[in-house]
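Asks: Please read through the structure below; I'll follow up with questions.
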Amino acid sequence: MAERSNSTSIDKESVSTRNNKREGHFDNSDSVTKKLRNDTLEEPKAEISVQNDSKNGSELYFEIEADVAEDKGSRHTMEDASVVLPDASLEFPGKLRCAHFAIYDGHGGRLAAEYAQKHLHANVLSAGLPRELLDVKAAKKAIHEGFRRTDESLLQESAKGGWQDGAAAVCAWVLGSKVFVANIGDAKAILARSSPADGSNNSSDGSTPIKAIVLTREHKAIYPQERARIQKAGGSVSSNGRLQARLEVSRAFGDRQFKKVFGPSDAVDFVQKLLKLCYAGFHIVSRLALNIGVSKIVYPVYRNIIALLLLGPFAYFLEKKERPPLTFSLLVQFFLLALIGITANQGFYILGLYYASPTFASAMQNSVPAITFIMASILSLERVHFMRRDGMAKILGTIASVGGATIITLYKGPPLLRGSNSSAEDMAASHEKMLNWTWGCVYLLGHCLSWAGWMVLQAPIVKQYPAKLSLTSFTCFFGLIQFSVIAAFTERDPTRWKIHSGEEVYLILYAGIVSSGIVLSLQTWCIQKGGPVYVATFQPVQTVLVAVMAFVVLGDQLYSGGILGGLLIVVGLYLVLWGKNEEKRIVNKHTEEATLTKHLLASSSEESSVGADVC
C-alpha cells in the first residue's frame, strides 16, 4: 500500500469562526529529498483514535474560518497545495454538515500535491463518508479507503505521465459535531485549545492560556514503532534514522520510483473473470430452467425472494446508522426503480431468452453502455461534444451498437456451427423459428433499454439515498411485489408454483444466491478497485463464455448474423468506453489548468501571511 492514515475525531467546542476563505498556494518547509520506500512495506492498517470532549451530549453550532499561508522558500516553483471547502458535500448532499480542509506538502514537483488536492476528498466521499447520520467507524473507514484509492490512481497517472513527484499530507473533515484528522508523512495537525486544562482562570497578564494538542503522528523511521514496522516488512533503517539509508519520510502520496506500480491488481482480474463465468452460468441456468418447464413468471419471483432474504439482513445491520429516513417521495422512486430495473428488466430478459438463445442475450447486453449514453444525452445528463475525439467515439460506438443489435434482430443468417439440438425438423420449421427469433431479440432489446434506464434513474436516487444495500433491498422488495401481482393474474395454476425436482431447486438457488447475491457484492468490490470503465471492458469475455457453454451444454447453434451483430456491438462498446475515458482525461486536464491559473492570479494579487489550523 502507498500510505496509512491516522484519523482523530474530536468535538469542536473550541472552534468558532466565520465562513471565510483565504487561499493561495501552500508551501513547504520540507526537503525535496523526502521519498517513500514502499516495495518492502506490508499492507497498512488504519491507526485511528477517537477523543470525545462533548458536554452533556449536546452539539454546538459554530462557524468556521480557514486561512492558509504560503512560502515558496528557495525553490523555483511552488510544490504544495491546499484545500479550503467550507461546504464539501459536492455530489453527495446530506443532512450532516461536511467541510474539508487539507495541506499537501509536495516534493520533487507539484503534480502529486495537486493531484491529491483534486481527488482525495471526492474519493473519501465515494468511499462512504457519512452524509446523514454520524458514524465514527464508517467515517474512519472511508477516510482510510480514500487515501488508498487516491494513491493508487496517482501512481497510475504518474506512470502514464512519466513523473515521480510525491507529497505528504494532513487533512481534516468536519462532520456534524466532530472533526476527523488524517495524515501521511511528516505533515502535522495541532489543536490549539484556549481553555486551560486545569480549569483555572486567565493568567496573571490577563491573556488566555493556550494548550497545544498534537493530533497526528509523523511517519518517520526514527520513531521506534515505525522503525519496527519497516524492519518487519523487510526494509532497513540506518543509524541516523533514514529509510534505505537515504529517505526521511516513510509514507507519502506518489513517489513512484520507490513503489511498485501496477494496473488494477491481479486479484481484480481474477475476480472479474470469475464474475463473468458466474454471469455466463446464469444465462445457461436460466435457459435450463425454462427448458425443464419452470414458469417464466414464477422463476423471477423465487429469484427475488432469495435475493431479498440474502441482502436484507446485511442492509439492515451494516447501514443502520447511515440510512436516511424514508419519505413518500423516496418510496415512489424505489417503486419506479423496481418497475424498470427489476420487473421490466428481468421480465424482458426471461422472454427474450425463451425465444432466442443465451449467446445472443449476452451479446445484446454489450449495447447497454451505448443505450445509456443515448438516454443520458436525451435527458441532458450528458453533453455530446461533436467536434472532439471523445464525442465522435461515443457517437460512432452508439451507431455500431445499434447497428449490431439491428442485425441480430433482423438477420439470423446461415448456421456456422451446428449444435446437438439441430435436426431436419428444425430446418423445416425455419420460418416459425425466425419469427420467434425476431420476437426474442425485440424482448432482449427491451431488456437492454430497461437496464440502461435503471442505471440512468438510479444515479439521482443514490444521491438522495446513499445507503446502496438498503436501496437494492427496497428495489428487490418492490420488484417482488410487482412480479407477484403479475403472477397472480397469469399463473393461476397452483402446480406452476410447485418445485418438482431437485434440479429446479439448484437452478433457482443459483439464480438467487450467485447471480443476485454473491455477484452483486463482487461487482461492487471490482468497481471500487478498478473503476467502472475497467470493469465494463470484461463484458465481451462473458459473451464468449456463454457461446461456448451454450454450444456444449445446450447444443445451441451459432449463426453468422448473430456473430456479425455481436462483433459490431463489441466494437461499439469499446468505442463508447474509450470516449468516456478520454472525456474524463480532458475534463481533468482543463480542471488542472484552471486551478493553476487561479493560483497564479491569487499569488499575483494577494500575499497571505496568516496561517490557521482547522482544529
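In case you wondered, yes, glycine gets a Cβ from its N, Cα and C as well.
According to TrEMBL, the feature region 'Disordered' maps to 1-52. Taken from TrEMBL, the feature compositional bias 'Basic and acidic residues' applies to 10-46. Residues annotated as domain 'PPM-type phosphatase' in TrEMBL: 65-312. Look at TrEMBL and you will find 301-318, 330-351, 363-381, 393-411, 437-457, 469-490, 505-526, 533-552, 558-579 tagged as transmembrane segment.
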Asks: Out of 301-318, 363-381, 393-411, 505-526, which stretch has the largest tally of CB pairs under 8 angstroms to the transmembrane segment (469-490)?
Replies: 301-318
Asks: For the transmembrane segment (558-579), give me same-chain residues lying six or more residues beyond its boundaries with a C-beta closer than 8 angstroms to one of its C-beta atoms, as numbers and ranges.
Replies: 359-360, 363-364, 366-367, 369-370, 373, 389-394, 396-409, 411-417, 419, 533, 536-537, 539-540, 543, 547, 551
Asks: Determine which residues of the chain contact the transmembrane segment (393-411) at the Cβ level, with the cut-off under 8 Å and only residues 6 or more beyond its ends counted.
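Replies: Distant Cβ neighbours of the transmembrane segment (393-411) are 360, 363-364, 366-367, 369-371, 373-374, 384, 386, 438, 441-442, 445, 448, 561-562, 564-580, 582-583.
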Asks: Does the transmembrane segment (437-457) reach the transmembrane segment (363-381), going by 3 or more CB pairs under 8 Å (6 or more apart in sequence)?
Replies: yes
Asks: Which residues of the same chain, at least 6 past either end of the transmembrane segment (505-526), have a Cβ under 8 Å from a Cβ in it?
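Replies: Residues packing against the transmembrane segment (505-526) from afar: 268, 271-272, 274-275, 278-279, 281-282, 285-286, 288-289, 292, 294, 299, 302-307, 310-311, 468, 472, 476, 499, 535.
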Asks: Other than its close neighbours in sequence, what residues sit by the transmembrane segment (330-351), given a CB gap under 8 Å and a spacing of at least six beyond its ends?
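Replies: Result: 286, 290, 296, 299-300, 303-304, 324, 361, 440, 443-444, 446-447, 450-451, 453-454, 457-458, 461, 464-465, 471, 474-483, 486.
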